[in-house]
Amino acid sequence: MKKKIVVFGSFIADLMARTPHLPVPGETVKGESFKIGPGGKGSNQAIAAKRAGGDVTFISKVGKDVFGQLALETYKKEKMDTKYMFEDKELSTGTALITVDSNTSENEIVVISGACGNITDTEIEMVTEEIKNCDIFVTQLETNKDALEKVISIASENNIQVVLNPAPVQLISDSILKLIDIITPNEVEAGEFTGVKIKTMEDVKKAACILQQKGIDNVVITLGSKGVYVKTLKKDEFIKAYRVKAVDTTGAGDAFNGGFVAALSHGKDIFEATKYGNAVAALSVTKLGTAPSMPYMEDIEKFMRENS
C-alpha cells in the first residue's frame, strides 16, 4: 500500500520568455517566444509526485485573480483535491519571471511569492489534521518562514517523515533543521547552508557531513547533469544522471523531488528513490515548461527499463 504524501508549498504563475542569450544588466534582448503556465516549487513537486504515482495532497495559497484561476484549473485537470488551496483577498498570486537561453537551456528566475508568502495561523490550523494523517511531508522555502516552521514542527511532532527541498535559499534555524529527515539541496543551496564553496566531489561530501552534523540524517545533494550524491548515516553513494538532450532545464529539480518522494511512498529506499527521481528529472528536461513537462508513471518506468 502506497504512503500518503502532503506537499506544503507555493503556487507560482510562470511567465516564461525564451531568448538567444540571457541579457546582461542594462541589455535589452529580442525574445523568441513567451508563455504563461502553472509553476511554483511546491506545485511542481506535487504534480510531479502525483503523475509519478503518488497519493498527493497539496496545500498552498493563491490570489483572487486570473493566475489563481489558472491554479484551480491546473489541479482540476490533474485530478488533485483543491480543498486546501486557500485564497488571499488582497495579495495577488505569486509569479515567476523566467528567461531561458534557447541555445544552452540555462535560465534566470525572479520569484514574487505573493499570496503563498502569506499563509496564516488560521489556515495552518485547518490543515493540521491532514498533516498528522500523512506519511511523508514535503516542503520547500518559497512560503512564509513562520508558517513553514510551524508545519514542519507539526509533522515532526507526529513522527511524519519530513523532506525539505531548501529552495529558494532562506536560512532557517538549526532547531528546525534538526526536525528534517531528508534534505535535498542542489550544490548552490548546499553551499549556502554549510558555508562550503562547492567545486569538487570532496566539497560535496564535506557539505553533506556538515548537514548531518546539524541533525539531518539523510542528505541528497543534486548536481544537475552530473547526478546526485546521497549520504545516510550508514552509507553514501554517487548516482549518475541519465543522459538526455535537454530542451528546458527549468523545473528539473522539482521533477526530481516529486519523483523521489513518489518512489519513497511506494516503499523504495533512498538510493532507489534517487534513481527514480533522476529518471523523472531526465524526462522533464526533454520538454518545454515546468509542470506541463512532468512525466507520467508509465513513461518513467519505460524510460528506466530502456536505460537500465
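Placement of Cβ uses the backbone N, Cα and C atoms for every residue, glycine included.
The substrate site recorded in TrEMBL comprises ILE12, ALA13, ASP14, GLY40, LYS41, GLY42, SER43, ASN44, GLU142 together with one of ASP254, ASP269, ASP299, namely ASP254. Each of the binding-site residues SER43, ASN186 was scored by how many other Cβ atoms lie within 10 Å of its Cβ, and the smallest score goes to ASN186. Straight-line distance linking the Cα atoms of LYS287 (K(+) binding site) and ILE12 (substrate binding site), rounded to a whole number, equals 19 Å.
Distance from the CA of ASP254 (active site, proton acceptor) to the CA of SER293 (K(+) binding site) is 11 Å.
Counting every protein chain shown, the number of other Cβ atoms lying within 10 Å of the Cβ of LYS287 (K(+) binding site) is 15. Listed in chain order, the extra residues whose Cβ falls within 8 Å of the Cβ center of the K(+) site residues ASP248, THR250, SER284, LYS287, GLY289, SER293 are VAL247, THR249, GLY251, ALA252, VAL285, THR286, LEU288, THR290, PRO292.
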